[in-house]
Amino acid sequence: MDPHGGHYLNKSAVLSALGAARMCQLLLGCTTVSLVAHQAGYSATYGTFCMFVWCFCFAVTLVVFVLDVTRLHGCMPISWDNFTVAYAMLATLMYVTASVVYPVYFLRPECLSEGCEVRNYRIAVTVCSSVCCFAYGAEVFLTRAKPGRVVGYMATVSGLLKVVQAFVACIIFGALANDSEYNRHIPTQYCVVVYSLCFAVTVVVVALTVSGRTSALRFPFDRFVVVYTFLAVLLYLSTAVVWPVFSFDKKYGTPTRPEGCPRGKCPWDSKLVVAVFTHVNLVLYFTDLVYSQRIRFVSQQP
């Protein structure tokens, strides 16, 4: 007991739906890493990415859980609620990606020459990773903004969309780096500048919110976010037109996938991924703008 009569340990961090979700994350994350390290195995860039996701999320979740139980998060110079919900959203997206990538590249219906044990372990890894997606998604659901409840910006739909936008931008960067031939045309280089600019500002918005420094700014942060989101919609709208034209039009690119293009190292595939996720982010930014305006309007009601 402390001098004020409170408890050092936070029982609600364990005996609550949120605590149960985090313990499931730890259990499933530890099981996934153990299965991969023991027998399932991984290799190449895709396997390393999946292993990084599982190890990173397990480590951060363990730190979050311990800090919440011990109440030590109060000593950290961050907005704890904003940090945890932003991390839960990011972990959900990372786990979904790993749960798709791992079976695509490592799971085969037939058994290997040394037997079916490796295949069975990889099936177990895929199942555990997929179930863990729901555990992190449950945390996002439990901590999101609800009517009549005061929460941080990252718990709102707009805040959660910022995390998704940044994650989608990372997918775009990955495709650009995978021999996308974006440097062949100036307009496609312009698209890369747009992706980089929007990603950088989005990360700054998230970082300022998580660090709790928005009140120290000399301009209204909420207005800045809305104006930036509007500009991001316009910029992404331009890339949604420019990138497909200079990638798939007969004059500048190839409308169809070339025959004999190697899987995983085909420029046409990378261009297609960039085009698809450009439109995904355009929809996300537009939804963010609409929601931000609706929240702003409601907040001005008497």
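Yeah, the Cβs are placed from backbone N, Cα and C, and that goes for glycine too.
According to TrEMBL, the transmembrane segment annotation covers 12-37 (among others).
The annotation domain 'MARVEL' is assigned in TrEMBL to 13-148 (among others).
Among the features that TrEMBL reports, transmembrane segment is placed at 43-67 (among others).
Per TrEMBL, transmembrane segment is recorded for 87-107 (among others). Within the chain carrying the transmembrane segment (87-107), a Cβ under 8 angstroms from the stretch's Cβ atoms is held by residues 25, 40-42, 44, 46-47, 49-50, 53-54, 56-57, 60-61, 64, 119, 122-123, 125-126, 129-130, 132-133, 136-137, 139-140, 143, 154, 160, 163-164, 167, 171, all 6 or more beyond its ends.
The transmembrane segment annotation in TrEMBL covers 119-138 (among others).
According to TrEMBL, the transmembrane segment annotation covers 150-177 (among others). Residues 79, 81-83, 85-86, 89-90, 93-94, 97, 140, 143-144, 192, 195, 198-199, 202-203, 205-206, 209-210, 214, 225, 270-271, 273-274, 277-278, 280-281, 284-285, 287-288, 291-292, 295 of the same chain lie 6+ residues outside the transmembrane segment (150-177) yet bring a C-beta within less than 8 angstroms of a C-beta in it.
The domain 'MARVEL' annotation in TrEMBL covers 153-297 (among others).
Taken from TrEMBL, the feature transmembrane segment applies to 192-212 (among others).
The annotation transmembrane segment is assigned in TrEMBL to 224-246 (among others).
Same-chain neighbours of the transmembrane segment (272-291): 156-158, 161-162, 164-165, 168-169, 171-172, 175-176, 180, 182, 191, 195, 198, 226, 229-230, 232-233, 236-237, 239-240, 243-244, 247-248, counting only residues six or more beyond its ends whose CB sits under 8 Å from a CB of the stretch. Residues or ranges marked as transmembrane segment by TrEMBL: 272-291 (among others).
Between the transmembrane segment (12-37) and the transmembrane segment (119-138), the number of CB pairs under 8 angstroms, six or more residues apart, is three or more, so the stretches are in contact. Broken down by DSSP into helix, strand and coil, the domain 'MARVEL' (13-148) contains 110 helix, 2 strand, 24 coil. Residues of the domain 'MARVEL' (153-297) grouped by DSSP class, helix first, strand second and coil last, total 115 helix, 0 strand, 30 coil.
Taking the domain 'MARVEL' (153-297) as a whole, pLDDT averages 85 in the prediction.
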